[in-house]
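*Asks:* Quick one: this structure, given as structure tokens, is what I'll be asking you about.
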Amino acid sequence: MKISLAWLRTYLNTSTPDEEIIQRLNQIGLVVDSFENLGERLKGFRIAEVLEVKRHPNADRLSVCRVNTGQEEIQVVCGASNAKTGMKAVLARVGMSIPANGLVLKHTMIRDVESMGMLCSGQELLLEEDSGGKIIELPDDAPVGEEYATYLGLCDTVLDLEIGPNRSDCFSHYGVARDLAATGIGTLLKLDVPKLSENLSDTMKVTIKNSESCPFFSGRIIKGVKNGPSPMWLQQRLKAVGLRPISALVDITNFMLMAWGRPMHVFDLDKINGHLELRSAVKGETFKALDGKDYVLDQGMLVIADESGLQSLAGIIGGEASGCTVETTNVFLESAYFNPTAISTTGRALSVLSESRYRFERGVDPSMVLPGLELATQMILEICGGKVGPVVKTGELPIIERKIKFNTKRVQELTGVSIETKTSHAILSNLGFHLENDHVTSPSWRHDIEGDADLVEEIVRIVGYDHIPFTDLPKKNNDEALKTDISAVIGEERPWTARKFLANCGYHEVTTWSFIKPEIAKAFGGGEEELTLVNPISADLSTMRPSLVPNMLEAVRRNLDRHLEDPAFFEIGPIFSVNYDQKQKKSVSGVWTGKRQMMHWQMPAREVDCFDVKADLLKLLDVLEFDSTKIQIADGAPRWYHPGRSGVLKLGPKQTLGYFGDFHPSILKRFDIQEKVVGFELFLSDIPLPKNVSNKRNLKLSSYQPVERDFAFLLDKNVPASEIIKAARSADPTLISSVILFDVYEGKNIPPEKKSIAFKVRLEPMEATLTDAQIMEVSDKIIKVIEQMTGGHLRQ
């Protein structure tokens, strides 16, 4: 779940820095899986004004825009359908990296027209899922030259929390703030529920026919609302936590969900026929939801229906028939309590996952049903206007609170930690528990509290697990205690995986000294004085190695001297530099010379080349559970590689994960090697770990016919093939399963400064067989993206 710290601070009065809040969340069991400063991601993207839009002379689907950056006027080639004179847009300049795909913009010629930047869509900035081929269009008063992140107010830190299913009380900003306040780093601001004056007498008749699945239902009519875009502050709140703004009414219900964990739904009153009833579905009933899909229901599924049919799949998703639009003027606002088991059973059966279902099936706070209705009503009146009717209530709210007998001595009995009774009572009280003599009553939002062990856990986690003293376990008899260094196990998991993979590829593992000659260290970018031994055992072993390659090249030479053919080695170990954290990091490197494919009666022998080690390196990343398609291949390998036959593995514009290629002849000459040697280096310490290694998704195979299409593009010689492959993949990542290069041609009928690159794209649909129109749409999108990103054009 995503949490905005700026939003969180509206409920928690604290001056605590973001870093300390993150640390405290981890200490109390709300694990911060990752965090991001949105302003950093959008740094450099600025507001610009489009002064003039002209048709591209050589491309029907492109426009040539004259753009005012606030400091100068530049020319940008744009493929968006909504580019127009006078609009305010978001500009990326040459040298900037696009967040969606990591591509670095270059000063380029697109179909023979100069382009000095890019006008961006929300999708490219990771602010929208699908921009529909349109760039961001800002209001007329947007200040030209201002940072886009500053304009949006996105200078905010957003956390991605791993919250267990038992902690449904923390599926909201207010819930997380409540837990943090209990640690003492701030004061929880009191929830101020408004007392609204009713100026309508209109009510809605509601009947509950399935009280087991819906114990309580409430709602009210609001008339005369104006449903348009929500205010910018509200849109920014939702965007920060990954939700797409839709309209004011819908955005308000989503705000309630993320702010206080209160799922709600708003119906277009004029589309409801008669009264509402909550009942069980009849087997075979169909329901068209807001996601545009038709669902066939089973007997017993909880629905909200009117006299004309189904209007909502209760607690999961609303119906298209009564959904709100910009024409909506009268609404019925719903706030209810649904049985977690009923919601979970229906959601699983229909494979519908929504934010509402996610909370209802884990248990929401019943005491927030009516306050939530008042808070949402107030927001609607403030943002959309209107007149409000009385609250309609039917059923009874369940009692979640449990009264538990508790003695604070249980803390030491269960954990071995001695905590004063006064401290224990204060912690429980701050968490919302009610203490009376030797009993503790859990609050309405804590569905997970069942006994005294749960109370002990609450006390200890707030004190901090890091404050539990270390105690040696007693040894039994003369058996040696089993000691397991968990961190060492985790640290060695990837190296062992790499060992097995490289051995299967034909490499042999070597183990060499961590020290090398000073002159060799300098040739490989090292040799710093800080990493030179004061009293080495040998002059040849006096400097910490900056790379694993030198010692392996030495091993190659020795093997060649002994006429051992086709040596292929790998090593895993630390390398050293003053530029690294702790002056070292773990690396895996491989070298190979000679034949990759031995002579066979069906094929001739083949010498190893740089493409072999590149393939090994990318496959190694995959087996290390890192998606190699996220990698960009760039030039600029270190000087010990051949400049024309080598590459750099980049993760974004700044992070380097490794190198591969032919080693430079001058380096091989230092080791007295005449043969060509290829190799690679991969920095294991720098490969990002999977976000959730315990939650691996099952492999999904398509049951529908795949489609393959071949494309050939003409583009500048200096454009790497990897850029066109990345661009093609980014056209539709969910549908495109592979992009395979099969031809590079230069020569007859190709301009001297150009080259032709041909590749095959495979489309694998997961939901239905693709139609000709869908295939053509994806093909056109691929062509458009490649033209925009690389400046190439389709060969005719």
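Keep in mind that glycine also has a Cβ here, set from the backbone N, Cα and C atoms.
According to TrEMBL, the protein has these features:
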type	residues	note
DOMAIN	39-149	domain 'TRNA-binding'
DOMAIN	399-470	domain 'B5'
BINDING	D448, D454, E457, E458	Mg(2+) binding site
DOMAIN	702-795	domain 'FDX-ACB'
*Asks:* Would you report the average pLDDT that the model assigns to the domain 'FDX-ACB' (702-795)?
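*Replies:* Summing pLDDT over the domain 'FDX-ACB' (702-795) and dividing by its length gives 91.
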*Asks:* Can you check which residue among the binding-site residues D454, E457, E458 has the largest number of Cβ atoms within 10 Å of its own?
*Replies:* E458
*Asks:* Taking 8 Å from the centroid of the Cβ atoms of D448, D454, E457, E458 as the cut-off, which other residues in that chain fall inside it around the Mg(2+) site?
*Replies:* R446, I449, A453, L455, V456
*Asks:* Helix, strand, coil residue numbers for the domain 'B5' (399-470) per DSSP?
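*Replies:* Counting residues per DSSP class in the domain 'B5' (399-470), I get 32 helix, 9 strand, 31 coil.
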*Asks:* How many helix, strand and coil residues does the domain 'FDX-ACB' (702-795) contain under DSSP?
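*Replies:* Secondary-structure breakdown of the domain 'FDX-ACB' (702-795): 30 helix, 32 strand, 32 coil.
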*Asks:* Near D448 (Mg(2+) binding site), how many other Cβ atoms are within 10 Å of its Cβ?
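*Replies:* I count 17 other Cβ atoms within 10 Å of it.
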*Asks:* Write out how many residues of the domain 'TRNA-binding' (39-149) are helix, how many strand and how many coil, based on DSSP.
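*Replies:* Helix/strand/coil tally for the domain 'TRNA-binding' (39-149): 5 helix, 41 strand, 65 coil.
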